[in-house]
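Swiss-Prot has this to say about the protein:
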| type | residues | note |
| --- | --- | --- |
| COMPBIAS | 1-12 | compositional bias 'Basic residues' |
| REPEAT | 138-178 | repeat 'WD 1' |
| REPEAT | 250-289 | repeat 'WD 3' |
| REPEAT | 338-375 | repeat 'WD 4' |
Amino acid sequence: MARKAVSRKRKAPALPGAGSDAQDPQFGWDHSLHKRKRLPPVKRSLVYYLKNREVRLQNETSYSRVLHGYAAQQLPSLLKEREFHLGTLNKVFASQWLNHRQVVCGTKCNTLFVVDVQTSQITKIPILKDREPGCVTQQGCGIHAIELNPSRTLLATGGDNPNSLAIYRLPTLDPVCVGDDGHKDWIFSIAWISDTMAVSGSRDGSMGLWEVTDDVLTKSDARHNVSRVPVYSHITHKALKDIPKEDTNPDNCKVRALAFNNKNKELGAVSLDGYFHLWKTENTLSKLLSTKLPYCRENVCLAYGNEWSVYAVGSQAHVSFLDPRQPSYNVKSVCSRERGSGIRSVSFYEHIITVGTGQGSLLFYDIRAQRFLEEKLSACYGSKPKLAGENLKLTTGKGWLNHDETWRNYFSDIDFFPNAVYTHCYDSSGTKLFVAGGPLPSGLHGNYAGLWS
């Protein structure tokens with residue numbers, strides 16, 4: 001009987017959807033889902049293109065903001081100091097970056113100079129005199145303020161007479177004019193409220209509004225073309241207003257610091273009697289309000305944070321954050337933990353407030369987290385152990401101190417004097433921090449300047 005032939009060919013696996021095997025998990029996925037999707041038709045509308053570009057720019061801007069914020073958060077712990085030697089100059093009170101490598105500074109000894117942060121070269125700038133120079137009798141006050149206008153074409157600072165306002169042209173630092181008929185005491189602070197108008201705050205309790213007109217600028221150019229000797233105009237104040245003195249000691253109503261809110265066209269002012277004053281600035285100065293500060297000793301510095309719509313006010317041991325539109329009891333204050341030495345300078349960069357103290361410290365307050373940045377734990381062998389929760393603190397270097405008669409008679413038994421941070425400023429990239437000052441006691445003569453990067 002013949003044996004039945006058997007085929008040795010393997011059966012092909014059943015296709016999904018063909019019979020009961022279609023439900024097997026091994027074959028349960030649908031190939032049709034993985035077919036190439038048809039792309040939408042390209043829209044050639046100009047409006048569509050512009051809207052797409054706008055969204056893309058918004059995303060790039062948002063990413064850039066996040067990146068800048070992250071850098072501002074991480075930078076302070078990475079900064080390293082490089083000191084500059086300023087010779088025998090006495091106490092740097094004011095500073096501003098002119099460009100990526102030059103910083104202009106003003107001192108207690110009434111010297112205006114530019115330091116090149118790459119070469120350390122110091123260049124002194126001639127200071128401008130009143131039309132009657134013989135009337136200058138005050139000594140030991142110096143240049144307390146330096147400010148650049150929004151377009152960075154003009155610089156305002158103090159003159160040879162500390163009561164007068166001096167204007168220079170940038171980037172050449174050629175003299176433009178002097179406002180010499182306004183204040184009866186030293187100028188402590190300056191704020192530009194437009195490209196051609198600046199406000200000065202004085203120790204006599206007044207605020208002066210000055211305008212650098214096109215006529216003044218044109219005459220300045222013409223005079224420079226004719227004469228090689230610097231020639232400049234003399235201008236008169238556009239307005240002169242006294243801060244309120246009704247409820248305080250009139251002798252202590254000194255305008256110490258100014259800060260401008262460009263969005264609302266409002267100018268904040270701090271006086272040494274512990275008050276904050278707000279002014280409207282539209283071709284003149286109109287008072288809006290005055291409020292008592294929660295910490296009213298040694299209110300010597302003020303800054304405005306545009307993104308946060310708050311003023312930061314420094315006092316003897318605290319930084320207070322003030323929104324003029326909120327009730328005074330809503331003012332938040334933070335303690336620097338360096339009692340007695342005073343907050344000497346304050347600034348905003350992104351969400352970080354940098355605080356310079358009389359003890360030579362730089363502290364960094366995170367306004368979003370509402371706390372000071374803390375030290376990162378160091379695992380390096382031989383390094384000083386850092387306590388958990390300890391504030392991140394940078395300390396200024398030794399600087400220079402004159403061992404004169406005052407030092408020998410009163411301070412020679414003290415080994416080291418910290419250099420108060422009277423001024424600090426970030427460059428446009430936010431990666432370099434210029435810091436300057438000098439010894440805190442008024443009788444001591446010395447200086448400090450350094451680049452932290």
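Every residue, even glycine, has its Cβ placed from backbone N, Cα and C.
Keep in mind it's a predicted model, so treat the numbers as computed, not measured.
With DSSP states grouped into helix (H, G, I), strand (E, B) and coil, the repeat 'WD 4' (338-375) comes out at 0 helix, 22 strand, 16 coil.
Secondary structure counts, DSSP: the repeat 'WD 1' (138-178) has 0 helix, 18 strand, 23 coil. Residues of the repeat 'WD 3' (250-289) grouped by DSSP class, helix first, strand second and coil last, total 3 helix, 25 strand, 12 coil.
As a whole-number mean, the pLDDT of the repeat 'WD 3' (250-289) in this prediction is 92.
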